[in-house]
Amino acid sequence: MNPRATPVLVLSLALGTTITISSNHWVLAWTGLEINTLAIIPLISKSHHPRAVEAATKYFLTQAAASALVLFSSMTNAWATGQWDITQLNHPTSCLLLTAAIAIKLGLVPFHFWFPEVLQGSPLMTALLLSTLMKFPPLTLLLMTSKSLNPALLTAMALASTALGGWMGLNQTQTRKILAFSSISHLGWIAIILVYSPKLALLTFYLYTIMTSAVFMALNKIKALNLSMILISWTKTPVLNTTLMLVLLSLAGLPPLTGFMPKWLIIQELTKQEMTPAAMAIAMLSLLSLFFYLRLAYHSTITLPPNSSNHMKQWYTSKPPSTPTAILASLSILLLPLSPMVHAIV
């Protein structure tokens with residue numbers, strides 16, 4: 001792919017996202033989703049590797065089906081109510097179809113099958129876009145229609161996503177697949193609270209985006225596509241590996257790191273809504289995710305493979321500093337002290 005095309009595609013992603021999140025009309029929102037889909041496909045397949053082309057094909061087919069469902073849902077609602085306004089989703093069939101369509105776009109269980117495979121076939125920075133930016137427009141549609149959605153259905157999908165994301169990530173060795181199942185698990189936390197507190201769901205997504213971006217950028221810096229590559233990178237980038245360990249623990253939701261805050265607030269809100277069994281279930285299921293985060297952290301810092309080379313330069317290999325990675329990692333680790341202020345806002 002021509003390198004000059006990359007900025008155009010990234011700008012198209014920004015344009016599509018802006019159109020979707022700022023529109024109140026279903027057709028405009030659908031147009032933004034389609035712009036996003038068409039812009040990300042060349043970024044997925046730019047390496048021309050057969051796996052990348054396969055990932056792009058899977059992504060296109062899945063997103064095309066989801067977009068058709070979004071359009072069909074909005075048309076059904078307009079037929080029944082005469083309204084094209086996104087917030088006026090009142091028809092029960094339309095609500096069900098929209099929930100299924102957005103679940104496909106986000107990769108929620110039981111429509112998650114495409115997401116790990118597409119992420120595994122994509123470059124690390126494209127995988128970052130798929131895990132963060134590409135989830136924002138569909139999530140915005142869910143937030144705008146949250147009052148019309150079925151809480152029981154979303155709770156069931158959320159618990160299933162948290163369980164499957166943790167369970168399937170246990171035996172993975174590829175970092176992109178681990179982060180894909182991590183994304184599915186985090187989407188479960190967002191989905192379970194979305195109907196009861198949309199602001200808290202949005203806060204959880206923002207913090208997830210910050211932490212996941214820090215992990216992807218750190219992995220891209222050390223070129224780690226699997227656990228063994230993380231294992232041997234310590235001798236070259238010890239500071240970055242230590243930071244990566246802390247960000248992974250933050251993603252796991254361990255105090256006193258940033259990732260603990262949204263899970264704490266979600267469990268508190270679920271308890272207020274008299275959903276204590278659901279709060280207990282999702283908290284217990286998140287322990288599955290904790291295991292593979294700990295395994296990643298263990299490989300990144302605690303283990304050190306036998307090193308037969310006596311060449312000292314590898315211990316002092318200079319890497320160009322990355323300011324965005326440093327900022328995102330700092331936010332991923334140090335935001336918890338601000339939680340009382342954030343809680344007051346929410």
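Glycine too: its Cβ is placed from the backbone N, Cα and C atoms.
Feature annotations, courtesy of Swiss-Prot:
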TRANSMEM  25-45  transmembrane segment
TRANSMEM  60-80  transmembrane segment
TRANSMEM  95-115  transmembrane segment
TRANSMEM  124-144  transmembrane segment
TRANSMEM  149-169  transmembrane segment
TRANSMEM  178-195  transmembrane segment
TRANSMEM  200-219  transmembrane segment
TRANSMEM  247-267  transmembrane segment
TRANSMEM  274-294  transmembrane segment
TRANSMEM  326-346  transmembrane segment
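Non-local neighbours of the transmembrane segment (60-80) in the same chain are 26-27, 29-30, 33-34, 37, 41, 88-91, 93-95, 97-98, 100-102, 104-105, 114, 118, 141; each lies 6+ residues outside the stretch with a CB under 8 Å from one of its CB atoms. With Cβ pairs under 8 Å as the measure, the transmembrane segment (149-169) is packed most heavily against 178-195, out of 25-45, 178-195, 200-219, 247-267, 274-294.
In this chain, the transmembrane segment (200-219) lies in contact with the transmembrane segment (124-144); the count of Cβ pairs under 8 Å, excluding pairs fewer than 6 apart in sequence, is at least 3. Counting same-chain residues at least six beyond the ends of the transmembrane segment (200-219), those with a Cβ under 8 angstroms from any Cβ of the stretch are 124-125, 127-128, 131-132, 135-136, 139, 143, 175, 179, 182-183, 186, 189-191, 193-194, 225, 230, 240, 243-244, 247-248, 250-251, 258-259, 261-262, 265-266, 269, 322, 324-325, 328-329, 331-332, 335, 342, 346.
Counting residues 6+ beyond its ends, the transmembrane segment (178-195) has Cβ neighbours under 8 Å at 106-109, 112, 115-116, 119-120, 127, 131, 135, 139, 142-143, 146-147, 149, 151, 154-155, 157-166, 168-169, 172, 201, 204-205, 208, 212, 215-216, 251, 262-263, 266, 269-270, 278, 282, 285-286, 288-289, 292-293, 296 in the same chain.
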